[in-house]
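Asks: One structure follows; several queries about it will come next.
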Amino acid sequence: MKALSKLKAEKGIWLVDAPKPEMGHNDLLIKIKKTAICGTDMHIYNWDEWSQKTIPVPMVVGHEYVGEVVDIGQEVRGFKIGDRVSGEGHITCGHCRNCRAGRTHLCRNTSGVGVNREGSFAEYLVIPAFNAFKIPDDISDDLASIFDPFGNAVHTALSFDLVGEDVLITGAGPIGIMAAAVCRHVGARHVVITDVNEYRLELARKMGATRAVNVAQENLKDVMKELGMTEGFDVGLEMSGVPSAFHAMLDTMNHGGKIAMLGIPGGEMAIDWSKVIFKGLVIKGIYGREMFETWYKMASLIQSGLDISPIITHHYKIDDFQKGFDAMGSGQSGKVILSWD
């Protein structure tokens with residue numbers, strides 16, 4: 001089968017002929033229809049420090065996808081040939097304390113599709129049936145293929161009550177932009193998103209952000225004044241991993257504010273903890289998606305009218321995968337879809 005593999009311990013990714021993955025009794029075999037390129041895939045492509053420590057070579061990568069079930073393990077129930085599915089990319093152990101308590105997204109023995117095991121940038125993918133999610137008929141393949149990052153956005157955005165609240169999102173990558181759309185859809189008042197990439201800030205405006213602020217050109221406190229905000233943001237969603245962005249968030253949060261952190265700093269990050277203490281802030285780390293509550297919420301949000309389609313900006317056939325990675329690497333894109341049909 002065709003597959004995109006991290007074939008060598010250097011920058012790049014290669015289209016190869018790989019063996020079709022073997023199934024177990026509890027697995028599904030999925031024929032991939034569309035995949036999307038993630039920031040993680042770009043880290044692997046660029047072969048940065050994290051990738052060098054994490055990714056075994058060779059490895060078929062990718063973890064954002066939609067496909068069709070073409071074979072079913074003998075112990076699997078609840079799926080049939082022809083079901084359209086995406087799936088949770090975190091494969092969990094099922095026997096640690098968090099798994100047994102139903103907090104599977106916090107499994108301490110997680111294995112990642114396309115990171116620690118064969119991924120979805122291939123004509124076929126095998127995953128445990130437990131990890132598969134059936135896609136409703138009224139949700140397109142394009143949208144289903146980005147459920148993984150959309151889930152990061154939904155999990156982060158819905159960590160706290162948003163109705164009537166003022167929300168600050170730092171980082172206008174695709175996940176931050178989708179989070180802005182979610183916040184507006186569920187009833188936030190002002191949703192302000194910050195970045196220095198004007199292309200992505202314009203995408204955020206299309207997705208419904210109240211204000212998309214280029215912090216290289218505008219002062220965040222001036223924007224707050226313009227919006228009539230006198231006490232600070234009620235909820236902060238940190239999506240950038242950039243220390244200066246988080247510092248700005250701490251400066252502009254209201255007393256009693258709540259912060260959800262998804263962005264991963266490049267290293268240790270010092271902050272003024274007195275602001276956290278004296279403002280009485282709550283800070284919550286976000287990892288992955290809640291299994292499978294986040295997945296149900298994703299489908300329901302789209303079915304209730306949330307439109308995240310503007311975040312998809314580029315489509316390529318798999319033979320043109322290099323153009324897709326170039327588009328993602330340029331910073332002048334939203335989500336990039338690769339078609340395997």
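Cβ coordinates are placed from backbone N, Cα and C, and glycine is handled just like the others.
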Asks: Hey, Swiss-Prot has NAD(+) bound by Asp195, Arg200, Leu262, Gly263, Ile264, Ile286, Tyr287. Any idea which of Ile175, Ile308, Ile312 it lists too?
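Replies: The candidate from Ile175, Ile308, Ile312 that Swiss-Prot ties to NAD(+) along with Asp195, Arg200, Leu262, Gly263, Ile264, Ile286, Tyr287 is Ile175.
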Asks: Roughly how many angstrom lie between the C-alpha atoms of His43 (active site, charge relay system) and Ile264 (NAD(+) binding site)?
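Replies: Rounded to a whole number, the Cα-Cα distance is 13 Å.
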Asks: In Å, how long is the longest CA to CA span across Ile175, Asp195, Arg200, Leu262, Gly263, Ile264, Ile286, Tyr287, which the record gives as the NAD(+) binders?
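Replies: Farthest Cα pair among residues binding NAD(+): 23 Å.
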Asks: When the Cα-Cα distance from Cys93 (Zn(2+) 2 binding site) is computed for each of the binding-site residues Glu64, Leu262, Tyr287, which gives the smallest value?
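Replies: That would be Tyr287, nearest by Cα distance.
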Asks: Going by C-alpha distance, which of the recorded positions Thr40, Cys96, Cys107 is nearest to Ile264 (NAD(+) binding site)?
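Replies: Checking each of Thr40, Cys96, Cys107 against Ile264 (NAD(+) binding site), the shortest Cα distance is to Thr40.
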